[in-house]
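Right, one structure below, let's go through it.
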Amino acid sequence: MAEGTAEAPLENGGGGDSGAGALERGVAPIKRQYLTTKEQFHQFLEAKGQEKTCRETEVGDPAGNELAEPEAKRIRLEDGQTADGQTEEAAEPGEQLQTQKRARGQNKGRPHVKPTNYDKNRLCPSLIQESAAKCFFGDRCRFLHDVGRYLETKPADLGPRCVLFETFGRCPYGVTCRFAGAHLRPEGQNLVQEELAARGTQPPSIRNGLDKALQQQLRKREVRFERAEQALRRFSQGPTPAAAVPEGTAAEGAPRQENCGAQQVPAGPGTSTPPSSPVRTCGPLTDEDVVRLRPCEKKRLDIRGKLYLAPLTTCGNLPFRRICKRFGADVTCGEMAVCTNLLQGQMSEWALLKRHQCEDIFGVQLEGAFPDTMTKCAELLSRTVEVDFVDINVGCPIDLVYKKGGGCALMNRSTKFQQIVRGMNQVLDVPLTVKIRTGVQERVNLAHRLLPELRDWGVALVTLHGRSREQRYTKLADWQYIEECVQAASPMPLFGNGDILSFEDANRAMQTGVTGIMIARGALLKPWLFTEIKEQRHWDISSSERLDILRDFTNYGLEHWGSDTQGVEKTRRFLLEWLSFLCRYVPVGLLERLPQRINERPPYYLGRDYLETLMASQKAADWIRISEMLLGPVPPSFAFLPKHKANAYK
């Protein structure tokens, strides 16, 4: 999994019970006048919340009880004490072992956010799209065709303004839009703003979608992978000499001696010049399917010194990447996509490959454990999507991926790893990059031995996260080891990743000699970090400015996922997941010492206004309250528990 799958947000309840007294080690140094206790913090929000809203329910479930995390994820409050109050000496051996487990990873078994109250009365897509033809599904259609009946059961609008209608002149979701009052006539007909339509305003260009015909071919296994099968046959015939395998594409700044002379292709029978044909051609006839591109013919990846937004699972969606691009991110990468799911034509997996027009340097990240599926997937992507590079995820730490041989496990499977890299390099026409960790075990580093091999296999660029799989986020990233790896990887470019939350952190990272830096959790805590690094300053951003960023995210989300009920709730879900990271940011004006460090837990504090205090809350109920400011009230049966749980401060 990518960097963003970190056990990111704090546990519900916030940072420790430190009052206005002395700060503990590992606690953010906030000015004394802003410090408070846990009880006073929540009393303040409850009192102000009652003044600002008439809603009585301030927690995640309709009964008003805060959603508890699964039993396996709870941790003891005090050292030496078990969950049931016994001391470790008095506890049974089995109980003692259970309490020693660190809280990490995902909140498994959490309730799904998918609403179900509208699934029973869904309007037919033919009516939504105002199709003049008959129903798309014919007599087998199970959807409603009575617009009046649908409007009777449809939930109330969430607001008076529709972003899609105001931006593009027409809302494609028609009567199903949750803001339909802005563009719907009383009889249910969708309005169109003629001025915007006359100017030809269209929604932003989003590329790399999955064609329906290709999806059917993938599901029926009718797609041929000649180039991938040819590469796999070479592996089955035995080890290939290094000189006979193309070295791939090197990034700019990595000098290589490449033979760019003409490649000799053995001539077979019947290779004489064919007679001219009276049939006209519709374009140039290439031989890319027969003759592989030489290394010097491939596109090059020149991102030296640029700011690279990490491929963040769950939170690194397209609307979030648009936010980061606006603040100065140079390179973006899609969320981790599983190669087997892509080969099966799963729409949810192909959605991770979508690219917005503002992403000028964009790549996709693949995860897989076997050369055949990874090579075939690389060939498929080279024919169907527009990307600047393809990244292999060798840093995913979760058990689901690791136990199948993918992610970090590839660092210990050098033969399979080599076949994956060489096979993908042979079928791709764009550079191939790799993201790795320092190793699998906490005190056993592997990266310095693996980097020279990756360079020889033809990898264009490597990103090194300065932590091992077992370490996760309980300790700081090892930038001293990253500096050693820079020398081992030379002349191959190496990007560093880990614990960058300020421009000072970025400057220290660049002093290690890395080609550039990748930013992951820092971008989730404050996406304006890219601006701070480029302008070399601390930005004391106000709460209203932060709310405007969230409003832009919701607008981008409605454009991307839709303004109907399903799209609104999907936007809300990803907003809440992001808020579980944003709440850990401490405003610059409240800190005694700059900058904020990523491993320092924010204590309970009262901000300079109500909104700043609300944004500092670690309770999911308060995140929901913020979402209601932007997307209206939640459904009656709404429940939310963050996907990831933090142990970064332990």
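A Cβ is built for glycine as well, from the same backbone N, Cα and C atoms used for every other residue.
Now, the feature entries from Swiss-Prot:
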type	residues	note
BINDING	Pro311, Leu312, Thr313, Gln365, Lys435, His465, Asn497, Gly498, Asp499, Ala520, Arg521	FMN binding site
COMPBIAS	48-58	compositional bias 'Basic and acidic residues'
COMPBIAS	70-79	compositional bias 'Basic and acidic residues'
COMPBIAS	101-113	compositional bias 'Basic residues'
CROSSLNK	Lys416	SUMO2 cross-link
MOD_RES	Ala2	N-acetylalanine
MOD_RES	Ser236	phosphoserine
MOD_RES	Thr273	phosphothreonine
MOD_RES	Ser276	phosphoserine
MOD_RES	Ser277	phosphoserine
REGION	1-24	region 'Disordered'
REGION	46-120	region 'Disordered'
REGION	235-284	region 'Disordered'
ZN_FING	118-148	zinc finger
ZN_FING	156-186	zinc finger
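Figure note: comparing Cβ neighbours within 10 Å for the recorded positions Lys416, Lys435, Arg521, the maximum is reached by Lys435. According to DSSP, Ser236 (phosphoserine) is assigned to a helical segment. Long-range Cβ contacts of the zinc finger (156-186) within its own chain (Cβ-Cβ under 8 Å, at least 6 residues beyond either end) map to 123, 127-130, 147, 150, 192-197, 201-203, 555, 558-559, 562-565, 567-568, 631-633. Secondary structure from DSSP puts Asn497 (FMN binding site) in a beta strand.
Closest to Lys416 (SUMO2 cross-link) in space, going by CA atoms and restricting to the binding-site residues Pro311, Lys435, Asn497, Asp499, Arg521, is Lys435. A distance of 36 Å separates the Cα atom of Asn497 (FMN binding site) from that of Ser236 (phosphoserine).
Per-residue confidence over the zinc finger (118-148) averages 75 (mean pLDDT, predicted model). Note: the Cα of Ser236 (phosphoserine) and the Cα of Pro311 (FMN binding site) are spaced 33 Å from each other.
Minimal Cβ crowding within 10 Å, among the recorded positions Ser236, Thr313, Asn497, Asp499, is found at Ser236.
Pairwise Cα distances among Pro311, Leu312, Thr313, Gln365, Lys435, His465, Asn497, Gly498, Asp499, Ala520, Arg521, which the record gives as the binders of FMN, peak at 21 Å.
Secondary structure at Arg521 (FMN binding site), taken from DSSP and collapsed to helix, strand or coil, is helix.
If you draw a 10 Å sphere around the CB of Pro311 (FMN binding site), it holds 29 other CB atoms from the protein chains shown. Taking H, G and I as helix, E and B as strand and the rest as coil, DSSP gives the zinc finger (156-186) the counts 12 helix, 1 strand, 18 coil.
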